[in-house]
Amino acid sequence: MSQQIAVAANIVKCIFAFLSIASSSTIIHMIRFSPRGLKSSYSRIVFGLSIGDILQSSGAFLGPFAVPRGTPESPMAMGTTLTCDYAGFILILGISATFQYLLFLIYYFWRRVKFRVSPQKFAYGEERYFHILICSIAISMASVAVGMKATNPTKYGSICVLNAYPFGCGRGDLGDENYVECTRGKSALKIARSFGILLVLSVLCLLSLLASITCHVYSIERTFSKPSSQRASNNDVNEQENENENLEQEEDNNADEAVADVNVNVDEANANGEGNHDDEKKQTLTQKALHQSILYIMAIFVTFAAPLAFLSSPDNLNQKYIGTLILWLNSTLFPTYGIFLILIYTRPKVKVLSEMYPNAPWLLCFKIVLFSGGETPPAHELNPPRRLPPSSRPELSEAQQEEYALSWPSLGESDAEDYEEMLSSMIATSRNKDLFDQLASDR
């Protein structure tokens, strides 16, 4: 492979890593400066997940430059062994934290959806111990790698990660003509395999929790498909349990927890005899939790497939076409988890806003959700498409109008007034929580 291709791949990786850092930083900003901030478990877990992505994306961004100067086949190298250790520490710390916080997030969905654990019980019970455990494991893994001098540059100087130095050393017999003695990281392969086993176990746990959530959703769908009289016969047993859950649920109003909290009162509609409409609503909300879980897991598979392929067999990079493929997959997918994360995190709010204003482009709805600082209420609190009264529409500055207009196709004079009216209404909708509550009561 030519050095030009290696340089191009590293530049592309740095660009995607920067976008991922910006995306995860945006999520942190939205959570930190929202009225409820870090008061809910869901917000705190996503906050930790975003920090993990920032760390791993930073390690990927710094990798090509942190490689020791003079490293073979590393055209962008300008660092030292110490800078490579720093970059490797950040990268391994971020990867470990990201995997563990994703597992924690799916576990949270599982506990809230299947076992109907209240937010307070989860927050004051197991959550604090999970945060301590995740931080301890992530720091320990990164520290062991650096302490054993196992953080070294990969081939083509892409990143500093678990690898012996120089690349390809210590393979074969001592008497071979092409045998190269390792100067650093002789135990890197053993450490990489140990860490790989932990990642595989995390993936298996993710799939197990997802399967459990899927089975639970299927059982809920079967329950809703039964006649109302048959469902009502099972409600007396759970009546007191539902009343206690309702009291605890009233204290959990975090806007970002809508998807995770969809099934806490799944039997409420049946107990109160509210009919098929509420049954369908609860069923839909339960499915949304499953959809979000699937999307979070799919994103981690897409971004980490290539790195895991490399760690499982580093010799693949020595093969011409396979090595080139892995290099480009690492450059285009590995540093993009933050981009997937912000799309998944804002998806429920953007979707509902798009349904309320079907003529608005997706990009415009996405921008409004971002610029409103996460103020859009949960999906189940929103209302059908409806014009807001003129008194509730904010006045837009010229800069705001120009910024939002970039997401809207060219309009004729006859459409300009309708567009400005809709835009003002959308922004007010995304920011005015009290107005939402008032409209919700009119439904």
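Start at 1 and count along the chain as shown; that gives each residue its number.
Cβ from N, Cα, C; glycine included.
TrEMBL entries are annotated by machine, without manual review.
Straight from TrEMBL, the features:
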type: COMPBIAS; residues: 238-253; note: compositional bias 'Acidic residues'
type: REGION; residues: 227-253; note: region 'Disordered'
type: REGION; residues: 378-412; note: region 'Disordered'
type: TRANSMEM; residues: 6-33; note: transmembrane segment
type: TRANSMEM; residues: 45-66; note: transmembrane segment
type: TRANSMEM; residues: 86-109; note: transmembrane segment
type: TRANSMEM; residues: 129-148; note: transmembrane segment
type: TRANSMEM; residues: 195-218; note: transmembrane segment
type: TRANSMEM; residues: 294-313; note: transmembrane segment
type: TRANSMEM; residues: 325-346; note: transmembrane segment
**Asked** the transmembrane segment (6-33): which same-chain residues, six or more beyond its ends, come within Cβ distance under 8 Å?
**Response** 43, 46-47, 50-51, 53-54, 57-58, 60-61, 63-64, 73-76, 156-158, 256, 327-328, 330-332, 334-339, 341-342, 345, 370, 373-374
**the transmembrane segment (45-66) in contact with the transmembrane segment (195-218), cutoff 8 A, at least 3 CB pairs, sep 6+** = no
**Prompt:** Among 86-109, 129-148, 325-346, which stretch has the highest count of C-beta pairs below 8 Å with the transmembrane segment (195-218)?
**Reply:** 86-109
**Message:** Below 8 angstroms Cβ to Cβ, which residues of this chain, lying six or more residues outside the transmembrane segment (129-148), approach it?
**Reply:** 44, 48, 52, 85, 88-90, 92-93, 96-97, 100-101, 104, 107, 162, 185, 187-188, 191, 195, 198
**Message:** Can you work out which residues elsewhere in the same chain, 6+ from the ends of the transmembrane segment (325-346), have a Cβ less than 8 Å from its Cβ atoms?
**Reply:** 1, 5-6, 9-10, 12-13, 16-17, 19-24, 26-27, 46, 49-50, 53-54, 56-57, 60-61, 98, 156, 158-159, 256, 292, 295-296, 299-300, 302-307, 309-310, 316-317, 366, 369-370
